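A.B. asks: Okay, these came from Swiss-Prot:
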- Asn60: N-linked glycosylation site (CARBOHYD)
- Asn72: N-linked glycosylation site (CARBOHYD)
- Asn93: N-linked glycosylation site (CARBOHYD)
- Asn106: N-linked glycosylation site (CARBOHYD)
- Asn170: N-linked glycosylation site (CARBOHYD)
- Asn253: N-linked glycosylation site (CARBOHYD)
- Asn348: N-linked glycosylation site (CARBOHYD)
- Asn396: N-linked glycosylation site (CARBOHYD)
- Asn431: N-linked glycosylation site (CARBOHYD)
- Asn476: N-linked glycosylation site (CARBOHYD)
- Asn648: N-linked glycosylation site (CARBOHYD)
- Asn680: N-linked glycosylation site (CARBOHYD)
- 125-147: repeat 'LRR 2' (REPEAT)
- 148-171: repeat 'LRR 3' (REPEAT)
- 241-265: repeat 'LRR 7' (REPEAT)
- 340-363: repeat 'LRR 11' (REPEAT)
- 364-387: repeat 'LRR 12' (REPEAT)
- 388-407: repeat 'LRR 13' (REPEAT)
- 408-429: repeat 'LRR 14' (REPEAT)
- 455-477: repeat 'LRR 16' (REPEAT)
- 479-500: repeat 'LRR 17' (REPEAT)
- 501-525: repeat 'LRR 18' (REPEAT)
- 626-649: repeat 'LRR 21' (REPEAT)
- 678-700: repeat 'LRR 23' (REPEAT)
- 1-24: signal peptide (SIGNAL)
- 25-739: topological domain 'Extracellular' (TOPO_DOM)
- 740-760: transmembrane segment (TRANSMEM)
Amino acid sequence: MSGSHLRLRFLSLLLLCCVSSSTSSLFTFSYPVLDLVACRSHQIQAFTQFKNEFDTHRCNHSDHSNGVWCDNSTGVVTKLQLNACLSGTLNPNSSLFWFHQLRFLNLSHNNFTSTSFPSEFGNLNKVEVLDLSFNSFTGQVPSSFSNLSQLTELHLSNNQLTGGFPQVQNLTNLSHLDFENNKFSGTVPSSLLMMPFLSYLNLYGNHFTGSIEVSTSSKLEILYLGLKPFEGQILEPISKLINLKRLELSFLNISYPLDLNLFSSLKSLTYLDLSGNSISPRSLRSDLYIPLTLEKLLLEQCGIIEFPNILKTLQKLEYIDMSNNRINGKIPEWLWRLPRLRSMSLANNSFNGFEGSTDVLVNSSMEILFMHSNNIQGALPNLPLSIKAFSAGYNNFSGEIPLSICNRSSLAALSLPYNNFTGKIPQCLSNLTFVHLRKNNLEGSIPDTLCAGDSLQTLDIGFNLISGTLPRSLLNCSSLEFLSVDNNRIKDTFPFWLKALPNLQVLILSSNKLYGPIAPPHQSPLAFPELRIFEIADNMFTGTLSPRYFVNWKTSSLTVNEDGDLYMVYKNNAFGIDSYVYRDTIDMKYKGLSMEQQMVLNSYSAIDFSGNRLEGQIPKSIGLLKELIALNLSNNAFTCHIPLSLANATELESLDLSRNQLSGTIPNGLKTLSFLAYINVSHNKLKGTQIIGQHKSSFEGNAGLCGLPLEETCSGKNAPPTQQPKEEDEEQEQVLNWKAVATGYGTGLLLGLAIAQVIASYKPDWLVKIIGLFRFCF
């Protein structure tokens, strides 16, 4: 019987194990039981044991690509795929290595904590496809890999593997070899490209040296060698790989300019990336030196100073990246006539305008066009009818945003920040996903129609002359994640109603004319569960904040994990070609400085309430925000002690509580925050000692503070207290002591009624002041 395969979802497989008399039930599942006859019982038990070796809470149980397959005739496991599922240590004695008949194994994107690469993989000598990419494997690839004689695909990319080139030369069936982004070094075997079936080779991001031998009979079609220095003679032999279709040689760090003549013999080449290398100016002027088959050409950061005329002849060109060069002058008119050109980046150059009439743009085939960070002046041209994403920020465009964009039905992303546009925001942007108009001279009110299409994810109109109120129609933006209207002239109360937006992560309202309380009625928590960045600085907000103000900030309460360096980057393949990547920008006060943050981390959490009229205690629930990176409450009227719970904000890097009326001592717990690089508590009423390592300006203006870095010594009446002021215990999940509240309820109620009667009848000033003091500092 032929080796047909029966796909078995691993959850269903575990269900059979759990009802088997030979295994104990650890889980219960509601999934339907599939026909498991093909898998023998000992194979089921081995798989169950393997899965139980790891934490599997990350497993996506609805992902039908994950699972286990058994051969119909033998009943043994021949295919196993657990992608982005497992956490733990892959030990040499793992039951994984019992599956000697495996032909396909995919364990990519897991979180293995092994310190070395298990040599037992070499025992799986029937495996044909092995994917261990995007894990945490370290050390050298064991020599036992040379036993995998049936291997056709080996994926080891994005690990931390070291040592010399793995011993794979005798694996003559290999067609796909991927070592991208590791730490391999040493010499590449000269015969590597002589392997008879090798069609894909990715050595990108390593430290290899040596020369390579090439045969014209090589079947290699895809070759990636870029990012790290590759010492040795490799460029000339590459010209003999006549079957190449994709070639990546970016950032080789070679000392001489590349001559495009090297690639003239590659008649099948469709993709060429030479970014980060110097290109011979002569070869950029002649069309004799470049394959006419090219569809994608990347020449980013190549030191090019004039637009290459060779592009005229590339009639099949679909994508070109000429960003981060030194090209000046005007963008040539013929460029828009290339019949297939759909995506182009000319960003970060010195272009100052367009050659000839810009009307030719309208009928071009362009879908994605980046021309930000140039010196282009004048009115914005009419965009191509096919445009989907357009970025032209950081130029000198002026005049009004043309209403012709209303007829661009495919337009999803419009980015025009840092220009000199005037007039009003067009009413017709309702179908866009990203609107970025920051730092222009736009005026009028925010259009009510912005959310008519319910697709808006980012709206950034900060630093303009916008007036009026925040339109309630923003409630229709159910997909909105990023809203920035800072530094305008908006006059309104705090938009509590925005809490209805389920995906809102960033809310920037700073430097407007907003006023009133920011605490919900009845002192309930502020309900923005997904909010990460909340900036309302320099307005006229007033009132107090309840101790439970931040209780419902669920996203910011999550602990930062190992994936905490991901940016808030949007990738939308709906554009139909290479993903459009957009990075949100915020202006923030961080470590005492005002700065622009162009990339907002997914795990990044910041609060800025500075420059308002807020009073009372700082909410103790602030300690629940474990992801909080920056907190600025300066220039308000907060009183009482700095909450001890701040010590629970373990990711805190910047803390500014200056120019308030805070009293007591600086909590010792702040000294344990390993990331806290900046603290400013100046101009308060604090006493005791400071945190060593900060500048003295961070503590000045507190008459009761003494010791380094201040000049005042701690002696006599200025000696610090022996212990912190006693406060109630502050747990992460409970910010009020409800037992104490319940115990004193009866007595407190009677006393409260009596005091209320006195106040209502006579309102003596002395009693009102006492009640006010207890209200804020109890």
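Each residue, glycine too, has its Cβ placed from N, Cα and C.
The shown structure was predicted, so the numbers you read here are calculated from the model rather than taken from an experiment.
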A.B. asks: Taking only the Cα atoms, work out how far Asn93 (N-linked glycosylation site) lies from Asn106 (N-linked glycosylation site), in Å, as a whole number.
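C.D. replies: Cα-Cα, rounded: 19 Å.
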A.B. asks: Any idea what the Cα distance is from Asn170 (N-linked glycosylation site) over to Asn431 (N-linked glycosylation site), rounded to a whole Å?
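C.D. replies: A Cα-Cα distance of 56 Å.
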A.B. asks: Provide the three-state secondary structure of Asn396 (N-linked glycosylation site) computed with DSSP.
C.D. replies: strand
A.B. asks: Write down the Cα-Cα distance for Asn396 (N-linked glycosylation site) and Asn60 (N-linked glycosylation site), rounded and given in Å.
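C.D. replies: Cα to Cα, Asn60 (N-linked glycosylation site) and Asn396 (N-linked glycosylation site) are separated by 48 Å.
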A.B. asks: Within a 10 Å radius of its Cβ, which of these glycosylation sites (Asn93, Asn396) has the fewest neighbouring Cβ atoms?
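C.D. replies: Taking Asn93, Asn396 as the glycosylation sites, the minimal 10 Å Cβ count falls on Asn93.
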A.B. asks: Could you state the whole-number distance in Å separating the C-alpha atoms of Asn253 (N-linked glycosylation site) and Asn476 (N-linked glycosylation site)?
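C.D. replies: That separation, Cα to Cα, works out to 51 Å.
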A.B. asks: Say we define neighbours as other CB atoms within 10 Å of the CB. Which of the glycosylation sites Asn106, Asn170, Asn431 has the fewest?
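C.D. replies: Looking at the glycosylation sites Asn106, Asn170, Asn431, the Cβ with the fewest others within 10 Å is that of Asn170.
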A.B. asks: For Asn348 (N-linked glycosylation site), just give me the three-state DSSP call.
C.D. replies: coil
A.B. asks: In angstrom units, rounded to an integer, how far apart are the Cα atoms of Asn680 (N-linked glycosylation site) and Asn72 (N-linked glycosylation site)?
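C.D. replies: About 69 Å separate the Cα atoms of these two residues.
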A.B. asks: Kindly report the helix/strand/coil residue split of the repeat 'LRR 12' (364-387) according to DSSP, in that order.
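C.D. replies: So the repeat 'LRR 12' (364-387) is made up of 0 helix, 5 strand, 19 coil.
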A.B. asks: In whole Å, how far is Asn348 (N-linked glycosylation site) from Asn396 (N-linked glycosylation site) when you measure between their Cα atoms?
C.D. replies: 14
A.B. asks: Which residue among the glycosylation sites Asn253, Asn680 has the fewest other Cβ atoms within 10 Å of its Cβ, if you could check?
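C.D. replies: Taking Asn253, Asn680 as the glycosylation sites, the minimal 10 Å Cβ count falls on Asn253.
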A.B. asks: Within 10 Å of the Cβ of Asn348 (N-linked glycosylation site), how many other Cβ atoms are there?
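C.D. replies: By my count, 19.
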A.B. asks: Would you mind pulling the DSSP three-state label for Asn680 (N-linked glycosylation site)?
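C.D. replies: Going by the DSSP assignment, Asn680 (N-linked glycosylation site) falls within a strand, counted as strand.
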A.B. asks: Roughly how many Å separate the Cα of Asn106 (N-linked glycosylation site) from that of Asn431 (N-linked glycosylation site), to the nearest whole number?
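C.D. replies: Just about 40 Å between their Cα atoms.
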A.B. asks: Determine how many residues of the repeat 'LRR 3' (148-171) DSSP places in helix, in strand and in coil.
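C.D. replies: Helix/strand/coil tally for the repeat 'LRR 3' (148-171): 0 helix, 6 strand, 18 coil.
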A.B. asks: By the count of other Cβ atoms within 10 Å, pick out the sparsest of the glycosylation sites Asn60, Asn72, Asn648.
C.D. replies: Asn60
A.B. asks: Based on Cα distances to Asn476 (N-linked glycosylation site), point out the closest of the glycosylation sites Asn72, Asn431, Asn648.
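C.D. replies: Result: the closest of the glycosylation sites to Asn476 (N-linked glycosylation site) is Asn431.
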